[in-house]
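Let me begin by presenting the structure, written as structure tokens, before commenting on it.
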Amino acid sequence: VALQIAPPCTSERHYEHLGRCCNKCEPGKYMSSKCTTTSDSVCLPCGPDEYLDTWNEEDKCLLHKVCDTGKALVAVDAGNSTAPRRCACTAGYHWSQDCECCRRNTECAPGLGAQHPLQLNKDTVCKPCLAGYFSDAFSSTDKCRPWTNCTSLGKTVEHHGTEKSDVVCSSSLPSRKPPNEPQVYLPGLIILLLFTSVALVAAIIFGVCYRKKGKALTGNVTGNSNSTFISSGQVMNFKGDIIVVYVSQTSQEGAAAAAEPVGRPVQEETLARRDSFAGNGPRFPDQCGGPEGLREPEKASRPVQEEGGAKA
């Protein structure tokens, strides 16, 4: 008699129960009841926000993790009924096994730069800046930057860069300063002063020449029977000679005066001296009384008589 030996129930998809080898539930389902001698296992799907990711004989599904943003967590994989939800720390944080929480990433000091590419859930790796590169601030993400190329900008290097500072460029052309206001108005002021000086000198020269040439001081002698011809005094003729003029009498007003002669003729005398208009020549009487009145002083020229309105 041959005996048949059943294979052992060791597969990951089977389990042994009541002397039978029964099937497990597939991922995404849980086992609501085990198999019997007459029936197989009963499996039901997982509910919302639940999952089972392996063949199992579990009596309930597992809950997905909660990615709490207040703890700097964010969901990187929402998950489903067959796969769990995966959480990770937000940017700038990394997962720490010491506290099972997210910690802020380390900031690299000036002169150090963050190594790229940045790894999620990993702390910052800082490296010293190489020659020609610099980092001038604390940062957990910035890498070292190259120095500025002053030559490409048409400028010259004023200060060399370091691992903590950039190159300082300066313009190759000297900067021009705007002129001061006194320099702007100075030429105009000089021209104005020169013009004023020339005008003043010209006025002085003209006055001196006018006086030397002896420009005549002229006056019109007008009159009638009711007015005096001219008072005694001295005037200058057009030749520059000083003439002494006097009147013997004045006319009378009214009807009686009309019958009488207008007056004695006006006499004038050319003086030998021309230095002044008055005060330097000889004096004559206001009334011509006779031959003695017409007698001239010594070393003086005879007076010239002009005809009046009637002969004396």
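The chain as shown is numbered from 1 upward.
Each residue, glycine too, has its Cβ placed from N, Cα and C.
Sequence annotations record features per position, and here TrEMBL assigns repeat 'TNFR-Cys' to 8-43. For the repeat 'TNFR-Cys' (8-43), the list of distant contacts is 51-61, 80-82: same-chain residues at least six beyond its ends, Cβ to Cβ under 8 Å.
As annotated by TrEMBL, domain 'TNFR-Cys' applies to 8-43.
Cys35 (disulfide bond) falls within neither a helix nor a strand when secondary structure is assigned with DSSP, and so counts as coil. Long-range Cβ neighbours of Cys35 (disulfide bond) (same chain, at least 6 residues apart, Cβ-Cβ under 8 Å): His17, Leu18, Arg20, Cys22, Asn23, Ser41. Look at TrEMBL and you will find Cys22-Cys35 (among others) tagged as disulfide bond.
As annotated by TrEMBL, disulfide bond applies to Cys25-Cys43 (among others). Cβ environment of Cys25 (disulfide bond): Met31, Ser41, Cys43, Leu52, Trp55, Asn56, Glu57, Glu58 lie under 8 Å away, each six or more residues apart in the same chain.
Among the features that TrEMBL reports, transmembrane segment is placed at 184-210.
Residues annotated as compositional bias 'Basic and acidic residues' in TrEMBL: 293-312.
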Integer average pLDDT (0 to 100) for the repeat 'TNFR-Cys' (8-43): 91
Mapped DSSP class for Cys22 (disulfide bond), helix or strand or coil: strand
